[in-house]
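As annotated by TrEMBL, compositional bias 'Basic and acidic residues' applies to 388-405, 454-487, 511-523. Marked as compositional bias 'Polar residues' by TrEMBL: 430-439. Residues or ranges marked as region 'Disordered' in TrEMBL: 373-523. The transmembrane segment annotation in TrEMBL covers 12-32, 78-105, 117-133, 163-186, 192-210, 252-272, 284-308, 320-340, 346-368.
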Amino acid sequence: MLRINALRANATVLAVGFAVTVLVAIALIWWLSGTPLGVDSAVYRAGGSAVLHGEPLYDHLTALPGWAPELPFTYPPFAALLFVPLTALPAQWCWGLLAIAAAPSLHVALRPFTERAYLPLLLLGAFALQPVWQTIGLGQVNLLLMAVVVADVLLLRESRFRGIGIGLAAAVKLIPLIFIVHLVLVRRFADAARALAAFLGATTLAFVVLPKDSVRYWTSAIFNGHFAEMKGWVGNQSWQGFVARTLPEGGVATVLIGCFGVLCAGVMMWLVRRLHRAGDDPGALLVTAGCALLVSPISWTHHWVWVVPALGYLCARRPAMGMAAVVFTGWTVAVVPGGGGTERTWNLGQAVVGNAYLIAALALLFVLGRRSSGEPAEGQDDLGQQSRGEEGAREHEQGDDDRAPAQRPQDSQLPDGHAQTDAAEHGRGQRQQIDSGQDAQHGRGPRQSRNGQHRADERRPQHGRHEPAGPVAEHPHPESEGQQQEHSRRRTPSRGDEKEPGHGQSAHQPGGHDGRLRLDRVP
């Protein structure tokens, strides 16, 4: 078992190392060719430069390189403070650092959503998806923020700092604020309070360092629709983007957007709480992320990096569904015509492909909701996995193989005298099984040695311990006189055995079909 775990860990490390090597090679080739990459990372760097030189953050960015388009800084002021260190590097080096960080970020984001056996393959396959490639090519921080949120919600189980990562991520981009609501829905109120405190603390720090820029952002810049004319573009995979591609602007479109937002909020609150009660916290987190992307006014395709953990989640539970989702969401959006209002001329097939991420998110919500409300099949949970009892029993058996007999969990739960007795009986049982197997190979009875004499390892009554009265398993071979006496003593109950069960004596139940007894000892 340990060897298998080591091989899986090595495969994961090799996958991460291979991905990092490939990204470094791509970055080097692009850098040597002089082709610009990292449009968004150049904006980050220019925002940090504006802070250093005291320039207005939400006006024209003077530090943009010549090859970068004239894009505005649309992030909160705290993000500009974080981007100040990027000014020490050339723009292309900034992009390279963010690109290299993609592999470990994907590894962290995938860990809680899939099995270890799938992790290396999914990690490498993630780089074939459009959201991941666009995030890397643009130099975006979406993968980093997703990894922070996943670690904060699913990986940091006993840390005193849980929630702080979500608060800081929300201070860089506002969308992670919805995960504070997620913490409240799963009743992690202390974590939600820490997340909110971290967000408010980071925002307050930005007000102290950049008071004018902070006032401007929270009063006007946050409401500026820099990309309002691009809402109907195929690259916007939110509900508002779908409505803009389908209907003209007006009252009907506004009503549809508002009604969908209310409906999506209700579905999120109901489904997250239901999945959390069922123990499916990864599925609950995917529900929150999917609803956030659906109701956001702008959800560019590179924002949909959450498709990676969603595919890992499906591949571990429904491989066929996961593979279909990979094909449907891979690069399908890139093959339909877009831009310049051509989305209004789509036929039905192009409309389906051009809204792939929107449709996939709605389908995932439907599947999770349907299975969480239905009765699971026998031995299966809501998502087709084996029941938690079976998984726990299997993990318990595997864990017992790796632990010493003195560390068996059932012994640790009994009083000292019972624990020692059980350990001794466990050792004798193992020796008897080995001896029985060896004797059977040599044609001898189970309790005879090579010279025909009976063994002297008969079970002896323990001091202070009463064996249960009742039928004793029959042995297929003749018994010695000592064995018959032992069984006679076991058939005769003592006064202590006549008491009601639950006063320190052993309770017993009939065993399997072979007539053996199963002893369930009650401390």
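Quick reminder: no glycine exception, Cβ is built from N, Cα and C everywhere.
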Tertiary contacts of the transmembrane segment (78-105), as residues 6+ beyond its ends and Cβ separation under 8 Å:
16, 19-20, 23-24, 26-27, 31, 36-38, 41-42, 44-45, 47-52, 57, 63, 65, 68, 123, 132, 135-136, 139-141, 143-144, 146-147, 171-173, 202-203, 205-206, 209-210, 213
State the residues, same chain only, that lie 6 or more residues beyond the ends of the transmembrane segment (284-308) and have a CB under 8 A from a CB inside it; answer 'none' if no residue qualifies.
106, 109-110, 113, 122, 126, 129-132, 134-135, 138, 140, 142-143, 146, 149-150, 153-154, 175, 178-179, 181-182, 185-186, 227, 231, 235-241, 260-261, 264-265, 267-268, 271-273, 275-276, 325, 329, 333, 357-358, 360-362, 364-365, 368
Tell me, please, if the transmembrane segment (252-272) and the transmembrane segment (163-186) are in contact, taking contact as 3+ Cβ pairs under 8 Å between residues separated by 6 or more positions?
yes
Looking only at the recorded stretches 117-133, 192-210, 346-368, which one has the largest tally of CB-CB distances under 8 Å to the transmembrane segment (163-186)?
192-210
